[in-house]
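A short write-up of the structure that comes next.
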Amino acid sequence: MISDIKEKVGDQEVILGLSGGVDSSVAAALISKAIGKQLLCIFVDTGLLRKDEGKKVLQAYEKNFDINIKMVDTQKRFFEKLKGLKEPEAKRKAIGHEFIEVFTDEAKLMSNAKFLAQGTIYPDVIESSSLGHTSKTIKSHHNVGGLPDDLNFELLEPLRTLFKDEVRKVGLELGLPHEMVYRHPFPGPGLGIRVIEEVTKEKCDILREADDIFIQELYEENLYNEVSQAFVTLLPTKTVGVMGDNRTYEYVAAVRCVNTIDFMTATSTHLP
């Protein structure tokens, strides 16, 4: 894999969108091992990330990698693009297009940037494609079906043929820490697809807090590593509740927890 990357890239520069998730982390480590400082990782703060994600990502990468990382705050841009959108597919594609716009802007600051690297894995490709007469598109991934047709970069996707469990094995072989490799997956479009219907900063702030509470509870009960993926979604409806002696009327959150090996099929987790 490393020799293939070296041969394909040559002396060109590569931009990689770093999310802090498993796939982009392994892709970054693999490409960095192949071409070193020719790789620039861009961490895009879309406003659709987990709580304190930017700070955690920087700390993790400074500790474990010798990689160039640039932080870009684009929250206003993404919320503006998502305004009025309710359908998941429309949101995915809007997010994908805006990512490319951000990377294009950053590439203009580099003299030799030709490749856009992504942590695309095989399930992303399957879910975004119609394979044969009986297979339908399940959902567009922002790094597959969400990319514009007039992409000005050549794609570099070294993990494209691997399943999640295989990606994790590669990560461990590259020396990535266990807690990074086995972190629960987080979708590229982030909270943009976990907020049902229209996305706003207010809704994302609520969801961020709810999701963080759920994850911390799993850690405290030593259940985080027993679960393949756990997260919260924010539903587009409000309900009456009671906090202390006061009536509340707030959004409903749904808690989801699953177990899987290949992240193609999953079963619901039975928490004690």
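Each Cβ is built from the backbone N, Cα and C atoms, and glycine gets one as well.
Remember, it's a predicted structure, so these values are computed and weren't measured experimentally.
Look at TrEMBL and you will find 1-183 tagged as domain 'GMPS ATP-PPase'. Here TrEMBL flags Ser19, Gly20, Gly21, Val22, Asp23, Ser24, Ser25 as ATP binding site.
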**C-beta crowding around Val22 (ATP binding site), within 10 angstroms** = 23
**binding-site residues (Ser19, Ser24, Ser25), the one with most neighbouring Cβ atoms at 10 Å** = Ser25
**Prompt:** Counting across all protein chains shown, how many other Cβ atoms sit within 10 Å of the Cβ of Gly21 (ATP binding site)?
**Reply:** 21
**Prompt:** 10 Å Cβ neighbour count around Asp23 (ATP binding site)?
**Reply:** 25
**Item:** Output field, ATP shell: CB within 8 Å of site CB centroid, site Ser19, Gly20, Gly21, Val22, Asp23, Ser24, Ser25 dropped
**Value:** Leu18, Val26, Ala27, Gly119, Arg183, Phe186
**Message:** Neighbour count, 10 Å Cβ-Cβ cut-off, for Gly20 (ATP binding site): what number do you get?
**Reply:** 19
**Request:** Within the domain 'GMPS ATP-PPase' (1-183) only, compute the mean pLDDT.
**Result:** 86
**Message:** DSSP secondary structure for Ser19 (ATP binding site), reduced to helix/strand/coil, please.
**Reply:** coil
